[in-house]
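*Asks:* Structure below; questions to follow.
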Amino acid sequence: MVRGLVENRKTSYGICLVLLTATIAWPFPAIVYVGIILSTLGAALQSLTGAPRLLAAIANDDILPILNYFKVADGNEPYIATLFTAFVCIGCVVIGNLDLITPTVTMFFLLCYTGVNLSCFLLDLLDAPSWRPRWKFHHWSLSLLGASLCIVQALEKEDLGSSYGVIMFLISWAFTIVSLALASLIYYYVSLKGKAGDWGDGFKSAYFQLALRSLRSLGANQVHPKNWYPIPLIFCRPWGKLPENVPCHPKLADFANCMKKKGRGMSIFFSILDGDYHECAEDAKTACKQLATYIDYKRCEGVAEIVVAPSMSEGFRGIVQTMGLGNLKPNIVVMRYPEIWRRENLTEIPATFVGIINDCIVANKAVVIVKGLDEWPNEYQRQYGSIDLYWIVRDGGLMLLLSQLLLTKESFESCKIQVFCIAEEDTDAEGLKADVKKFLYDLRMQAEVIVITMKSWDAQVEGGSQQDESMEAFTGAQQRIATYLAEMKAVAEKEGTPLRADGKPVVVNEQQVEKFLYTTLKLNSTILRYSRMAAVVLVSLPPPPVNHPAYFYMEYMDLLVENVQRLLIVRGYRKDVVTLFT
């Protein structure tokens, strides 16, 4: 009974309030009813004409692909959007209870105001140069207060007994959750399928400031091996030609992903355009967009850069010096091995290839050269067998780290690691094996250790088939080097100048050349003997000998990689990348 009296009292209070307003109206009470009807019709017509145009404008901006049906050309009326809006309005009227619709509509208004206030708060707090409000008394705390009030008002639970208040919106928490969920779904859909507009984003300013703060906190000091991440600088320009509209070798992106643990890390894909910068600037921008699109298509986290330079060597020398900021500079240069240089008689490749390696050594960059890139597996091609490391020189643990990163990928997770240590004949092989095992154990790396002494390199003892394959390549390399050397001597004798190659004087010690060839022969025969069935082989990259012609070095490298299907030639740098400490 008390509840009934309260409801009657509320109802009577409402009726009296309406009658009182009409009673005090001037010049006659009916003007209140006329005003209510006209304002209702005016608001309805305004919404019926404004909402379709707003819907068409959103569709024309391409931020929601699902709204493409409502697109209209400039100057045309949005008929389809008008019919859709009318259908929605009629549906709301048919419900017969506006109290079910009003909270949702109000909630979206509050979300809109929250977004605007939050953007103003971020822009003012982060001191964005483009933020210049006309109201000179504006402060970021006012925007934060406005955003907070909208959220608090949206979360207020509905209470009919607390219907007083001027600004306070009394909204049910259930409508709040539904509206927030719907807004989040729209945002997620736009981020996946929509096209980014050119209106700017307040959060981008926050990301920018956070990136700057993080970069300053990293400093320029040497990174501890515990915090070392590979940042590969991937050379996309091929030794030869790629198919049209393919800016990068498809397997380079697959290999770049193999250098990251769970896809975390950044790669820099770059290419070089030969020519004058003023003439090729627009071509470079187009090529950069094409390369960036291709990287996204290959689902590789990275950025694209195009450099215009008179030659490949000058372009690479410039980018290896300037690319990156602070400790976010690339630390590994990745490129494909030029397997086609002799087959297609590309005589300029040896000097360029050796120059790139020397530039990396001077710039203190690690180098990873991929031989057999065409056969490199993608994420769906599972590999079996072993990952073999021929640990010849100290490289800071880079080969060990790369092998561990390969094991984190589905394509190599079934493989095991084998570490081959090269030792002198009189070395204590068992002691060396025990030391390496303990070192790997301290690094928390599981691998089988195999020590190869100089005696086991003697191809006359066993493994004659591997020796026959390698000897054929060895003999061919000897003959080509002898021919090249004879041509150099003839030119020098004719011109009366010292021996020159690649435009600079060279000193050729024929015994040293034979030593390099023979050492490379033994290493190649060993790889073929022990690792013919390996999924991938990693071997140390020998530095180019000083004052040797680049052509000779390419012959050494060709002999090293002969008949090895998939090979990573690795050179570390003057920093450790693995540590005994967790």
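Glycine residues also receive a Cβ, built from the backbone N, Cα and C atoms like all the rest.
So TrEMBL lists these for the protein:
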| type | residues | note |
| --- | --- | --- |
| TRANSMEM | 12-45 | transmembrane segment |
| DOMAIN | 28-208 | domain 'Amino acid permease/ SLC12A' |
| TRANSMEM | 79-98 | transmembrane segment |
| TRANSMEM | 105-125 | transmembrane segment |
| TRANSMEM | 137-155 | transmembrane segment |
| TRANSMEM | 167-190 | transmembrane segment |
| DOMAIN | 250-371 | domain 'SLC12A transporter C-terminal' |
| DOMAIN | 382-581 | domain 'SLC12A transporter C-terminal' |
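Describe the structural context of these features.
*Replies:* Below 8 angstroms of C-beta separation, residues 44, 47-49, 51-53, 55-56, 59, 69-70, 72 of the same chain, each at least six residues beyond the ends of the transmembrane segment (79-98), sit close to that stretch.
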*Asks:* Is it true that the domain 'SLC12A transporter C-terminal' (250-371) and the domain 'Amino acid permease/ SLC12A' (28-208) have 3 or more CB pairs under 8 Å, sequence gap of 6 or more?
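*Replies:* Answer no, regions not in contact.
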*Asks:* Which numbers of helix, strand and coil residues does DSSP report for the domain 'SLC12A transporter C-terminal' (250-371)?
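*Replies:* Output for the domain 'SLC12A transporter C-terminal' (250-371) reads 58 helix, 29 strand, 35 coil.
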*Asks:* On the 0 to 100 pLDDT scale, where does the domain 'SLC12A transporter C-terminal' (382-581) sit on average?
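*Replies:* A mean pLDDT of 82 is what the model gives the domain 'SLC12A transporter C-terminal' (382-581).
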